[in-house]
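Visitor: Pasting a structure below so you can have a look.
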Amino acid sequence: MASAASVTSLADEVNCPICQGTLREPVTIDCGHNFCRACLTRYCEIPGPDLEESPTCPLCKEPFRPGSFRPNWQLANVVENIERLQLVSTLGLGEEDVCQEHGEKIYFFCEDDEMQLCVVCREAGEHATHTMRFLEDAAAPYREQIHKCLKRLRKEREETQEIQSRENKRMQVLLTQVSTKRQQVISEFAHLRKFLEEQQSILLAQLESLDGDILKQRDEFDLLIAGESCRFSALIEELEEKNERPARELLTDIRSTLIRCETRKCRKPVAVSPELGQRIRDFPQQALPLQREMKMFLEKLCFELDYEPAHISLDPQTSHPKLLLSEDHQRAQFSYKWQNSPDNPQRFDRATCVLAHTGITGGRHTWVVSIDLAHGGSCTVGVVSEDVQRKGELRLRPEEGVWAVRLAWGFVSALGSFPTRLTLKEQPWQVRVSLDYEVGWVTFTNAVTREPIYTFTASFTRKVIPFFGLWGRGSSFFLSS
């Protein structure tokens, strides 16, 4: 079989001088040179300097007649055979590998250089001292390694498939559990809704009863007052008529008339009976247990919901000059010594407070504040609206855009419209603040015991920012997620 180098050499001999590609429909002109028919036709169509002169051969410049070129069938057959040899040479490399450099069949493998060599390559100086093996002999240990790798990989694949099957079953079990829990949640909330609707019906029925009793007593009161008014009107009319009579008629039975008028007193009835008033006053107390239970339910629910840990840091641009911030902006300490801080618009100048660096505009977020009041003082934690007052006195209540609690030795206060002192089982020193922006919850819990502290409900429409305040020498806090 012809070597690849020989076939390549033959192919070069049947290239068209014009397009440099393999001859297609080769034709011969008068001088004996061969060209592609299409290439020569286009060449003849190019006008020369003298339109009447015959075109010249692109190789030897001999003139020829444009219509004189003849098909070269023998050359066409040669071109076809060479192309077949090229195809066979290319396809045969898988069965009979040929050295690209020498065109000889490859028989050997150099283990030093990991190269496949022909006889000529083996005798070359660079491989003369290397370890040579026949291809099959050299391939044998590699085949053994391949068999071992295949065995190991097949085993790994089986184990992977077993893991996949096992984990799919496990995930299916988990999906079933989630589905069951989903149904439980739906069922429990359906029961809760039913319970709340029943309680609502009971309370509304009681209020309806109070409405009816009030209206009944109002009607009775109006009727009584109307009777009293009529009796007084009759006496007034009698006295006015008596006063208009002559003296003899006026003096007739005057004493009994005056006694009757003087002894007539207004009974001064009350519109609402004391018993009904007490029922009205007692009604809010009947709703308080339900309110407390719902409040505890909401606060405990915060631990079950998926809150994203808020990685917050303190903003030194907002810090009051009496607050010392750590370099990592995770800790603050109260000091009576004023810091040399610029009076920028963001800074609190009266309230010893500081805000977090970034605000919150949506989602559920939670963070923990660890408080140290070993030397007294107090600490305030919560959230504020981004437009909270920074200059002058700051009133800590929801109407001013502040939702916070204050902790001091021995007590905790919820800073609502009116501060409320809270009753807790244990003084919290680590407070978890949980914010649900969309629902409008700001919940405070003891981060250690999970005891609910307080929950604010609000309707947020703008950015809110974590808020912290300190008062008292040595009081401090630090943040964690």
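Even glycines carry a Cβ here, placed using N, Cα and C.
Sharing the record's features from Swiss-Prot:
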BINDING   CYS99, HIS102, CYS121, HIS127  Zn(2+) binding site
COILED    142-177  coiled coil
DOMAIN    292-481  domain 'B30.2/SPRY'
ZN_FING   16-61  zinc finger
ZN_FING   94-135  zinc finger
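Each of the listed features needs to be described in terms of its position in the shown structure.
Guide: When Cβ atoms from all protein chains are considered, those within 10 Å of CYS99 (Zn(2+) binding site) total 19, not counting its own. In this structure, CYS99 (Zn(2+) binding site) belongs to neither helix nor strand by DSSP; it is coil.
Summarised as a single figure, the pLDDT of the zinc finger (16-61) averages 83.
In the zinc finger (94-135), the DSSP tally of helix, strand and coil residues is 9 helix, 14 strand, 19 coil.
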Visitor: Suppose we draw a 10 Å sphere around the Cβ of CYS121 (Zn(2+) binding site). How many other Cβ atoms does it contain, all chains included?
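Guide: Here the count is 20.
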Visitor: From the centroid of the CB atoms of CYS99, HIS102, CYS121, HIS127, the recorded Zn(2+) site, which same-chain residues not already listed sit within 8 A by their CB, in sequence order?
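Guide: After dropping the recorded site residues, what remains is GLU101, GLU104, ILE106, LEU117, CYS118, VAL119, VAL120, ARG122, ALA124.
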Visitor: Summarise the zinc finger (16-61) as counts of helix, strand and coil residues per DSSP.
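Guide: Here the numbers are 9 helix, 8 strand, 29 coil.
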